[in-house]
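Engineer: Sharing a structure here in C-alpha cells format.
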C-alpha cells in the first residue's frame, strides 16, 4: 500500500532586512523562509522508500494555508535510459543506471482546479507550484543543521541580462524565423479524443556546458532531469508524453563545432545525430544543451515539422537561465517547432503569453495557445509521424542491454535540403 507523508511547512518571519540571498536559481531579493516538518510517521512495520510514490505538504502562501499533493512521475525515463561519457582516448562509456526510485514529482493544490506543481525532492524541495495564476518557486537554503527553504517569485530574482530572449525556428536552409533572451492538468473533452503520443527525447551536453557546471556530471544530470520533468507536465494537455531516453556528455571535447551562429550549429548537430547518435541510441528527437552564447538574442533553434525525420528531428538550446522552469519552457518551445507549431500571433491566438510566444516573458507560461493546439493536430494529420505513435508507453524499468541500431521510420515528410 502506498504510504503518504504529511509535512507542514512553517513560515518564519519575512526576512527582508534589505538583504538578499544567493540560491541555485540566482540572487533573490524577496523571499519567505519555510521549514518542512514531517507530521505523521509511517505506520509501524512499514518500509519507507527513499522517495515515496505520493506525498502531501501543507504550507502557507500569502497567509493562506494550502495542501500540496505530489505524485511521483513514473513515466519520466524510457525503459532503456542511458548515460554516456567519454574516456580520455575518445571511447564511449555508456551505463544504464537504475531510475525507478527517482525524486521527481508532479502535483496539484487541493481545492484549486487550475493549480499545478513540478517538484524535485532529490535534496530538499526544489521546483515551482502555481495557484490562482501566481507561480511560486521553492528551494532549499542548504544551511547546516537546518531544513530551511526559500519561497519566492520569479520577479524577485535578479536578472543579469535584461535583454529579450528569442527563438529561431527554421523551415528550410535559407528561411529562418528567429525564443529570445528576457498538472495536474485535465484534458478537455476535445483533447481526450486526440491520439496518445510519446516522444523519446535524448539530451546532449556539449563541452562548454560541462565546463560551466565545473565538470560536475551528477549536477548536470539532475539539472536536466528536473527540466524534463517540467516538460512532461507542459505537454500533458496535448495528450503527448515526454520520456527521457538518455543524457550524453561531451566531457572531453565537442564532437561537432559548436558555433555562435545558431543555424550553423543546428545543421551540424542534426547531421551528427543522423550519422552517429541514431546508430547506437534509439530516440525520436535530440536536443543539444550548450553554454555557448548564440549571436544576437537567440537562445534556441529548431527545425519545424520534422519530428521522426532521421535527418532533422533536432533542436539546440542555450543554457541561459538557472531557473529550471525557464529552461524547460525554452526546451518545450523548440520541441513544439519540431511538432509543427509556429510562433503565436497575439492578434489571432487566445493567449498573450504562451509557450510558443516568440520571446520569453518575465512571467513564464506553461500553456500552449489554441493556435499551437491546432498546429499540432494539423501536423499529426498531415505528416503522420509514426515514431511518436507507440503501442505502449515506456516505464521506469531499466534494461541492462543496449537498444541496438533499430531502424526508424523512413516514411516521414519533414525538412529536406
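Including glycine, each Cβ sits where the backbone N, Cα and C put it.
Here Swiss-Prot flags 334 as active site, drawing on similarity to another entry. Taken from Swiss-Prot, the feature Zn(2+) binding site applies to 333, 337, 343. What Swiss-Prot lists as compositional bias 'Acidic residues' is 407-417. Residues annotated as disulfide bond in Swiss-Prot: 308-387, 349-371, 351-354. As annotated by Swiss-Prot, domain 'Peptidase M12B' applies to 197-392. Positions annotated as region 'Disordered' by Swiss-Prot: 398-417. What Swiss-Prot lists as signal peptide is 1-20, and the listing cites sequence analysis.
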Engineer: Where residue 351 (disulfide bond) and residue 343 (Zn(2+) binding site) are concerned, what is their Cα separation in Å, rounded?
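Structural biologist: Cα-Cα, rounded: 12 Å.
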Engineer: Pull out the disulfide-bonded residues from the set 308, 371, 387 whose C-alpha sits within 10 Å of the C-alpha of residue 343 (Zn(2+) binding site).
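Structural biologist: So the list is 371.
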Engineer: Are any of 333, 334, 337 (the recorded positions) within 10 Å of residue 371 (disulfide bond) when you go C-alpha to C-alpha, and if so which?
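Structural biologist: Of 333, 334, 337, within range: none.
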Engineer: Take every residue in the domain 'Peptidase M12B' (197-392), average their pLDDT values, and give the whole-number result.
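Structural biologist: Taking every residue of the domain 'Peptidase M12B' (197-392) together, the mean pLDDT is 94.
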Engineer: Any idea which of the disulfide-bonded residues 308, 349, 351, 354, 387 has the thinnest Cβ neighbourhood at 10 Å?
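Structural biologist: Relative to the other disulfide-bonded residues in 308, 349, 351, 354, 387, 351 has the fewest Cβ atoms within 10 Å.
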Engineer: Quick check: of the disulfide-bonded residues listed here (308, 349, 387), which one has the Cα closest to that of residue 337 (Zn(2+) binding site)?
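Structural biologist: Going through 308, 349, 387 one by one, the Cα closest to that of residue 337 (Zn(2+) binding site) is 308.
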Engineer: Return the member of 333, 334, 349, 354 nearest to residue 308 (disulfide bond) in space, with distance defined Cα to Cα and candidates limited to these recorded positions.
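Structural biologist: Closest candidate to residue 308 (disulfide bond), judged by Cα separation, is 334.
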Engineer: Pick the one among the binding-site residues 333, 337, 343 whose Cβ has the fewest other Cβ atoms within 10 Å in this structure.
Structural biologist: 343
Engineer: Cα distance, residue 354 (disulfide bond) to the residue listed as 'active site', nearest Å?
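Structural biologist: The Cα atom of the residue listed as 'active site' is 13 Å away from the Cα atom of residue 354 (disulfide bond).
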Engineer: If you measure residue 333 (Zn(2+) binding site) to residue 354 (disulfide bond) at Cα, how many Å is it?
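Structural biologist: That comes out at 9 Å between the alpha carbons.
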